[in-house]
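So the structure is just underneath, and the comments pick up after that.
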Amino acid sequence: MAPRITVIGTGYLGATHAAAMAELGFEVLGLDVDPGKIEMLGRGRVPMYEPGLEELLQKHVAGLEGSTGRLRFTTSWEEVGEFGDVHFVCVNTPQKHGEYACDMSYVDAAVTSLAAVLHRPALVVGKSTVPVGSAARLARLLAELAPAGDDVELAWNPEFLREGFAVQDTLHPDRIVVGVAGEHGEKLLREVYAGPIGEGTPFVVADYPTAELVKTAANSFLATKISFINAMAEVCEAADGDVVKLAEAIGHDDRIGKKFLRAGVGFGGGCLPKDIRAFMARAGELGADQALTFLREVDSINMRRRAHMVELAREAVGGSFLGQRVAVLGATFKPDSDDVRDSPALNVAGQIHLQGGQVTVYDPKGMDNARRLFPTLAYAPSALEACRGARVVLHLTEWGEFRELDPAAVAAVVADRHLIDGRNALDAAAWRDAGWTFRAMGRPRA
Ligand code: UDX
C-alpha cells in the first residue's frame with residue numbers, strides 16, 4: 001500500500017508540499033498549530049499569494065466539490081501520529097533576534113510534539129533549512145522520545161522551491177536530495193518521489209550533514225552570484241560601463257550562465273539573507289568561520305545596493321528628501337509573490353520616509369503585507385496614483401505590470417520626469433523618448 005503522508009507546518013513550504021503530495025496520488029494530512037490557517041486551508045484557501053497553489057488545493061482538499069478528497073488538515077498531533085507513515089517537517093527557521101544564527105525553536109517543538117505520538121514505524125523527513133548538525137541531533141531526540149523507538153527513522157530532504165514557482169518546483173524539482181542514515185529511509189523516499197524520479201529528476205543520496213549543507217551551499221552560491229554582478233554594477237557606474245551588457249556577455253560562457261546575473265537593488269526575501277547569515281554563524285561554531293568570511297562581503301555588497309538606491313533618489317530630487325514626493329513601484333522582494341520579508345523595495349521606501357520624504361508605494365499583490373510592516377508609508381491603489389505628483393519614480397520590484405506602463409501616461413501625472421530603475425527591467429529608450437531622465441543601477445547615465 002502507498003505510504004500515507006503528513007505535512008507538519010503549513011506555511012509556504014508545507015502548504016505547497018502537502019498539495020503536491022496529494023497531486024502525486026498520496027493520502028495527505030497537513031498539521032499546523034495555527035487553527036486559523038488550518039481552517040482556511042480546509043476550505044481550499046491559501047493564506048498567501050502563490051500562482052497555482054489555490055487551484056491545486058481545491059483539486060484535492062476533502063469535502064470540496066469535485067475534489068479527489070486526498071488532502072485533509074488538522075491541528076491534532078494524535079491524528080497525525082495515527083495516520084502517517086512518512087511525516088514531512090516543514091516549519092520555518094527564521095533568523096534569531098539580534099544575532100545571525102537560525103532560530104530552531106519551531107523545528108525542535110514540532111519534532112518533540114511529533115515524537116510523542118509515534119506509536120508505530122514511521123519515517124520523519126525534515127525539509128526545513130537548518131544549521132548543519134541538526135539532523136543528527138534530531139535523530140537522537142526522536143530515538144529518545146518516540147514510543148516506537150528504533151522503528152522511527154529520520155531523513156533530511158532539503159527544499160529548493162522558489163516563491164512564485166513553488167508548485168512547479170515541488171512537482172517537477174530539478175533535483176531531489178536526501179540525507180539518510182539507512183536504506184529503509186532511502187527506499188521509502190524513492191517511493192514517495194517515484195513520479196518526479198520517473199520524469200528524470202536526479203535523486204542524490206547523501207549523509208545527514210551533506211544533505212543539510214547542500215541547501216545552504218546552494219543559497220550561498222546564488223547570493224554570491226547576485227552580489228558578484230552587483231559589485232560589477234558598482235564598477236560599471238564608476239567606469240561608465242553597462243552592467244546589463246556585461247552580464248549578457250559573460251552569461252554566454254556556459255560555465256558562468258545567464259541566470260541570477262540581474263544587477264539591481266539586490267536580493268531579499270525569507271531565505272537568501274537569513275540563510276547566508278545562519279551559515280556564517282554555524283561555520284563559526286564549527287571553527288570554520290574563515291571559510292565563509294566572503295559571505296560577509298556578499299551580504300555587505302547586497303545591503304549597499306539599498307543605500308545606493310537611496311542616494312540616487314536623493315540626487316534626483318535635488319539633494320534632500322524633505323517634503324519631496326517619491327513614488328515607489330513594488331513592495332515585495334520579487335514579483336509574483338506577496339512576500340515582503342526583507343524586501344529591498346520596502347527597505348528603500350522606509351529609509352527615504354525616515355529622511356523626510358513623502359513616499360507613496362504601489363504593489364500588485366504585496367499591499368496588505370507592506371501596510372502591516374510599514375504602516376507609516378502612504379499606499380496608492382495603482383501605479384499611476386502612486387506616481388501622481390512625484391518628483392522621482394523608483395522601480396524596485398520587476399512586476400510585469402510595470403514594464404507595461406506607458407511612459408507618456410506616467411509623465412502626465414508626475415511633478416518631475418525622473419525614473420530610477422532598480423531592477424534593470426524597463427525599456428530605457430522608451431522612457432527617454434517620452435522625456436524622462438532615466439537612470440539604472442550600473443548603467444551609463446544616457
Ligand atoms: C531562494 C532560492 O532561489 C530557492 O532555491 C530557495 O529554496 C529559497 O530561496 P526565493 O527566496 O523564492 O528562492 O527567491 P529567488 O528567486 O532566489 O530570489 C531571491 C532574491 O534575489 C529576490 O529578491 C530577487 O529579486 C533577487 N535576485 C534574483 C536578483 O537581485 N538578481 C537576480 O539575478 C536574481
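Cβ from N, Cα, C; glycine included.
Heads up, TrEMBL stuff is auto-annotated, nobody curated it.
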TrEMBL has D32, K37, T93, E163, K274, R341 down as binding NAD(+); which of T6, T129, T376 does it also list for that site? T129
Please state which member of K59, K334, K365 TrEMBL lists alongside F160, L161, R162, E163, K215, F260, L261, R262, A263, G264, G268 for binding substrate. K334
Count of other CB atoms lying within 10 Å of the CB belonging to F160 (substrate binding site): 18
Cα of L261 (substrate binding site) to Cα of C271 (active site, nucleophile): how many Å, rounded? 18
Mind running the recorded positions K37, T129, F160, G268, C271, R341 against ligand 1 and keeping the ones whose CB falls under 6 Å of it? F160, G268, C271
Which ones, of the binding-site residues D32, T93, T129, K274, have a Cα no more than 10 Å from the Cα of G268 (substrate binding site)? K274
Over all pairs in D32, K37, T93, T129, E163, K274, R341, the listed NAD(+) binding residues, work out the largest Cα-Cα distance in Å. 24
How many Å lie between the Cα of T93 (NAD(+) binding site) and the Cα of R162 (substrate binding site)? 16
